Amino acid sequence: MKDSTEALNSIAFAVDTTLSSILPSSLAPPSAPPATSSFLKSIWYAFWWLWSMVVFKIMNIILLYIPSKIMNALSINFEITLNLSSILVALSAIITVCFLVVRYKYLTGYSKDTSDRKTKGKVNPSASNINLKNQSLDYVDQKKGHRRTTNYLDEFLSAIKVFGYLEKSVFHELTKNMTTQKLSHDEILYLDEKLGFSIVVEGVMQVYTRITENSNVSGGFDPDDDNELNYEKDDVLIIGNQRYQLLNEVKSGAPLSSLVSVLDLLKPVDSEDSTSDMLHSFNISDDDNISKIPEISPISLPFQGIHAGAKDDSVPPSPIIRPSKTKQLYPEIVARPKSRPHKEHTGHHLHHVHHSGATIAIIPYSAFQRVQSKYPKATSHIVTMVLARLYKVTFNTIHDYLGLTKEIMESEVKLNTTSSVRGANLPGYLFDGLLDKIYGANGINEASLSRKSDFQRASSVNLNKQKTTLCDAKSSRYVLLDSRLKSTHPGDLLSSVPLSRRSDYYQTHSHPLSADDPLVRSAFPSSKTLSSLSSPTSNLKRASSNLKFENIRDRSFSDDREETEETSLRIAVVESIFKILGISEKSTAMRNLSSFNSGRSSVSSSIVGLSNLMSADDKFDTNAARVRFDSYNGFSSTATSISRSSTPIKFYNTINQNQLHNHHMGDSVSGINISTLSRQHQANRNSSPTEFNFANVKSDFAKCLEIKSYGPNTTIVEQGSFNSGLYYVIDGSLDVLYRPSNHGEPSSNREDNLKKLYSVKSGGVAGYLSSVVGFRSLVTIRTSKKRGVIVAHISKSDYSKLMDRYYFLQLPVATKLKKLLSPQILTIDYALEWCHIPAGGVLCSQGDLANGFHIVLSGRFRVVRNKSDRYQGNTSDDDILGFSDTSMDCSPSSDINNEDLEVLGEYGHGESIGEVEVLTASRRTNSLIAVRDSETARIPRTLFEMLSLSNPSIMVKVSRIVASKVVYKDVLDQSSRNSTLIPSSTASHISNDYKTITILPTVSGLPVREFADKLVSALKAIGRNVIALDQASTLTHLGRHAFDERLAQLKLSGYFAYLEEEYETIVYICDTPLKSNWTSTCISQGDCILLLADAEDDVVATGIGDYERLLINLKTMARTDLCLLHPEKYVEPGSTSIWLKNRIWVQGHHHIEMEIIRKKDENSVKKRPNIISELASKIGSKTNPSIKSTLEDVRLKAISSFVKLNTSFVHSDRYKAVQPHKNDFLRLARILSNEAVGLVLGGGGSRGISHVGIVTALERHGIPVDLIGGTSIGSLVGGLYAKDYNIVSIYGRAKKFSKRVASLWRSVFDLTYPVTSYITGYEFNRGIWKIFGFTEIEDFWIRYFCNTTNITNSTMDIHESGYSWRFIRASMSLAGLLPPIAFQGCMLLDGGYLDNLPVSEMKKKGAKYIIAVDVGSADDRTPMNYGDTLSGFWVLFNRWNPFSKHPNVPNMMDIQMRLAYVASVNALEAAKKTNGVIYLRPPIDNYATLDFAKFDEIYHVGLNYADKLFSSWSKNGKLPAIAGMVDKAKIKSGDDKKVLYRRNSI
């Protein structure tokens, strides 16, 4: 026992030792505790033994048992026996499972992202327009609230356009002596515009004009009568026996005085004529000796108790007015505050209380005189502004709208019949010498004598001889006559004595004659061209002629230099023109301009007129420094220097209106208290004339003078031209002809409608108004039919430059013009309002009173209607009183929701707004919002009614305008009624004929200049009169500080307005940095903004460009189109929607092929990652370098050979790289000019294959296509053409689709249980997807749309965005055959059920010409008569009876089909009658709807039909004049007609 125990202990020790060495420390048995009992030791070893046994067992199972079992299982042999049927079933099951997995998991991957796609976040353009509009309205409200914090009087004065551009010093000079006058509700103001300039500060003033006895207005116009025209009780005012007609209502902040009256306030008082001028304005005869009328206390009018307002010591008493002179002394203009009725509760009664009154501010006459004396250049700016208003507002309205052009031309008739003109003849020796040289023995020689060639060439011996003579006599004072050079001249005193043309007041200088002076040529060319005399370009001073006296002995010489006959002639002509224009050297305005330095003195220069302030000993005289016009009409300097804070005085006299109603009108009139009518003008004269060299002015004018000779019946100026100039008739006469504007008149009859107005004789001037005012020529100027004419011509550009240089001439010229204007024109000018509406401003709101209508002078307005009946607009008038703040008072931004607004259209330049509401005395039906900074001329209702009574032709013309608008509206309504259902996804048509186009880049570095050049060339090619403006070209006209100074805004606005008058389209090129003022100007001036972007720039596509951010901050209302520039005609699928996703300010987009030259180090544009390229680069990096270099060499050789092959193919005669009719810039130009060509392809199943042939014929004949729309099969062919714009790809893809649809097996496998449809639509869907892929409609190169029938909402939907295959499939979904496409919860079917030929929708897109191809089945209109009952057996027998006379009765399927296409048939008939539609229907009636297997046959039917038709049209001249097919720019320039297209074969 002991031995066994020891043996176990030894074994345990050995195992313990072994395990301790083998097992890790964590599994090793722990050492026994020292000094333990044997019992514990035994237990310890037993536990350890059990643990060891468990470990060994586990190791045995893992290492031995499990592997042995696996080996035994693998070594077992067994057999499975299956029969053939089991194997086939198993294989069928496996194949079916695999097919279902591939079919429904992988092959339907094209539609996994298109189940309910909302066009990737693209917002409806109409909604974005309204959203931006409301933002603009909120911005306007914020701006208006900010403006109200300023001084109200300064705000009113700054808002007036005349004073808005002046410097602060000039502005303060005008306003420091301004006074105010308060009027009670019963006071009538006698408005004397010669006392000062008045502005309404508070309240509303009603302005009345006097009605003369011989006027038609007074006849039968009784205010007590219930007259239709007199629906306002305040239209007529009676003072004494004089009747006054309401002219206008002037609101707070608007000028009460006429802006033309500023000319009288600025005119210096230098003669007694001022007194007569003032009295003449009140019809007081100059023969009346006003000084004999005693000045006594004011007396009452014939009606008792009427006085001239409150008595004031500063106002002199009025004279006694004798009864015989009463009617002459009634003022022309009176004004009174407008009554405002308010309801007031007094106890139990309701009373109407009239709370009214007004406050006016007056800038006195003396303030204008101080400005005229101290700031002559600022005076010229005011005069320029007055003329600009006269041109833009008055003349435009009178000529274009009212049709009173003859009234305007009466001023030129007066000019040429005044005594000053009759005395403005040339000296006899100059006149005879000129006639002797032009009308020689050979007759009239009309040789064109260029100004440059006159002094660069020597053409005869006589000229050389003359040159020698002149060089020897440089210091002579003789006038060298050309007659002395003739060998046959016998000589006389005039040829040997000194001659002078100097008058008593002209200081003259002479000029040496050039060697090749045209006046001394021995012979003139005989060609019928213009002959002109030009002056040397030297800066030497010239002589002037005395225009009144012919006594040569009284003349002296002006200089030490010799005066030639040419210089004498030129100066004499200039002096004659000056006398006609009203420019006199003796005038006070000329004497005040001492030390004048042309173009160098600033507006506020303190040295202007400095010599007037110096005494004889060159010391400053404080007394002389005072303004010489401190008193006027009895007003002392203390009276006129009352500040604004002083107590208001009675500046104007008034009478109490209440006394008018209490007085009994009698026949006798004893007197009237009008104190301002008889005041005499007293002005201090400067006795010592100042030194001023007026000869420089005449010399510079003479340099620009051209003497021309025209033959008989030669048109010199065409009506409507801009660059006419001033024509002074030296000999002969000019006929002034006028052609009434009639847009519907054929051009061949326009020549017959020319009517002669008057003739300009010798000594007269033609082209006066167009030169002085800057207006386009209203008449045609032509020489007489019997003989020619010799004229002296100053071009309009030269005249404008000289007037800008010598700005002090503008005041006398403008004053002379005002005297020539008729009283009717001045009345119209006084009543017309010049409205300035900023971008986003509201011209008028829906619901406003229509108290006037507007004519758009510049800018653009968007018409918006609120569809909610709960909206009520303001009841205030819709007028905009000359400044932006008043226009915002009717802004309904807080009451308008986006969903309630509807954009109806836009008004552009020259269009009129609101006549219907005015004639019907109703409220505004729409709201008008300015798209950009705009200007309108407002004609008040009262002025229109007054002019209509005196000139019935105005009412006739306005009635025609209104009737034409009504007819046009009826046409639109008729077209909308023809389409029974209104499309749910399109807005009303907005005209694309934009006046101004802005080209703006998204980021810097884009080729803006190159893009603009190509677009301008395209616009010219389609026949548009276009000009491109960039900062450099604009600075050329306006100066280098055009966009930095406040004054430049006036010139800038006038320059842009002039360009809008002269050109059809203006392209603004934004080629400046982001913070430049020109960038903001371009954005604010654009009717349409073209936003350029690089299509491959992913950074900008997902973000926003710097220029776009500025565009958003400026809150422009203009339409914004995104132009994506591509290096080639290819758009990566899905790339366009990335650009349009977040750009809600973009309403459209265009794909343009244009190469962008990028710099090598440019990293701003990131290319899209290409998986294959990245994989190739990774593999190439790990490849052996030798293999890599070999492959690179092979690749380079392949590329070079491909380039050579492509080059030879491109330059071959059978192919042309860029076809002109596919020019993207011509397409863009047509769209922007409303000249787009649309292609509409109808539905018809397999018959639509003929569309491919027709498109091929269009390509062959070079007919461009700008817009494409389609239905059913037409949507498929149209989508292919819009996607690739290539006939080759269209043919191949359409044929591929036809083969798939015609496949019988594909149709059989696609059959399903016919609950909704016979087939599932899978094969049909996949066939469409195979040719379109994941391309979206936005990716199509040409703008495209297709229509579908929404059977959920019972509407027709138009699709212009989204996956193309999906909506094309929806447009082709024939009910019963294919299931509807589900989109956003709606079911979409074939669009042919509502409109199988969507011409109306294409018309909404702005297409002018529409090529509509109809391939639908022919309508069976056979009459049926089978009685009231019908037996099915009889119908069956009738079908099989060959002898039956009854037509076959349709079955149930046919009836359902006809019922489904009822709306489409009506829409087709309306489409045929639409203007501009080219209706085509190829002979395809013999083909069924599903005959897709006959592709080639149907294709050739369409091709042959269209090819023959277009060829015959081209041969017979019936093809419409589509813009771009012929280069109209070259035709205008006189080149031969060049066709831009050529035939191209496939």
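Glycine too: its Cβ is placed from the backbone N, Cα and C atoms.
Taken from Swiss-Prot, the feature nucleoside 3',5'-cyclic phosphate 1 binding site applies to 689-820. The DSSP secondary structure for Glu706 (nucleoside 3',5'-cyclic phosphate 1 binding site) is strand.
Long-range Cβ proximity for Ala930 (nucleoside 3',5'-cyclic phosphate 2 binding site), meaning a same-chain Cβ under 8 A and a gap of 6 or more residues, is found for Ile837, Pro838, Ala839, Gly840, Gly841, Val842, Leu843, Gly859, Arg860, Phe861, Arg862, Met1117. Under DSSP, Ala930 (nucleoside 3',5'-cyclic phosphate 2 binding site) is assigned to a strand (E or B) in the three-state scheme. Summarising the annotation, Swiss-Prot assigns nucleoside 3',5'-cyclic phosphate 2 binding site to 816-965.
Per Swiss-Prot, domain 'PNPLA' is recorded for 1239-1403.
Taken residue by residue, the motif 'GXGXXG' (1243-1248) breaks down under DSSP into 4 helix, 0 strand, 2 coil. Marked as motif 'GXGXXG' by Swiss-Prot: 1243-1248.
In terms of DSSP helix, strand and coil, the motif 'GXSXG' (1270-1274) has 2 helix, 1 strand, 2 coil. According to Swiss-Prot, the motif 'GXSXG' annotation covers 1270-1274, on the basis of sequence analysis.
Taken from Swiss-Prot, the feature topological domain 'Cytoplasmic' applies to 1-45 (among others).
According to Swiss-Prot, the feature topological domain 'Lumenal' maps to 67-81, an assignment based on similarity to another entry. For the topological domain 'Lumenal' (67-81), same-chain residues at least 6 beyond its ends with a Cβ under 8 Å from one of its own Cβ atoms do not exist.
Under the heading topological domain 'Cytoplasmic', Swiss-Prot lists 103-1546 (among others).
What Swiss-Prot records for 46-66 (among others) is transmembrane segment.
The annotation transmembrane segment is assigned in Swiss-Prot to 82-102 (among others). Panel annotation: around the transmembrane segment (82-102), no residue of the same chain lying at least six beyond its termini places a Cβ under 8 Å from a Cβ of the stretch (none).
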Worksheet item: Cβ-Cβ under 8 Å from Asn723 (nucleoside 3',5'-cyclic phosphate 1 binding site), same chain, 6 or more residues apart: which ones?
Response: Ser795, Lys796, Ser797
Worksheet item: Cβ distance under 8 Å to Val791 (nucleoside 3',5'-cyclic phosphate 1 binding site), same chain, sequence separation 6 or more: which residues?
Response: Ile707, Lys708, Ser709, Tyr710, Ile716, Tyr727, Tyr728, Val729, Ile730, Gly732, Leu734, Ala766
Worksheet item: Which three-state DSSP class does Lys816 (nucleoside 3',5'-cyclic phosphate 2 binding site) fall into?
Response: helix
Worksheet entry | Sparsest Cβ surroundings (other CB atoms within 10 Å) among the binding-site residues Pro740, Gly774 | Pro740
Worksheet entry | C-alpha spacing of Glu911 (nucleoside 3',5'-cyclic phosphate 2 binding site) relative to Leu757 (nucleoside 3',5'-cyclic phosphate 1 binding site), in angstrom | 28
Practice prompt. Please tell me which one of the binding-site residues listed here (Glu706, Pro740, Gly774, Phe808) sits closest to Cys835 (nucleoside 3',5'-cyclic phosphate 2 binding site), measuring Cα to Cα?
Written response: Gly774
Worksheet item: Among the binding-site residues Leu757, Cys835, Leu949, which residue has the largest number of other Cβ atoms within 10 Å of its own Cβ?
Response: Cys835
Worksheet, complete the sentence: Reduced to three DSSP states, the topological domain 'Lumenal' (67-81) has 8 helix, 0 strand, 7 coil
Discussion item. Taking the Cβ of each of the binding-site residues and counting other Cβ atoms inside 10 Å, which one has the highest number: Lys816, His854?
Written reply: His854
Practice prompt. Reduce the DSSP letter at His854 (nucleoside 3',5'-cyclic phosphate 2 binding site) to three states and note it down.
Written response: strand
Response to the item:
Leu949 (nucleoside 3',5'-cyclic phosphate 2 binding site) and Pro740 (nucleoside 3',5'-cyclic phosphate 1 binding site), compared by Cα position, are separated in whole Å by 21
Item to complete: Sort Leu949 (nucleoside 3',5'-cyclic phosphate 2 binding site) into helix, strand or coil using the DSSP assignment.
Response: helix
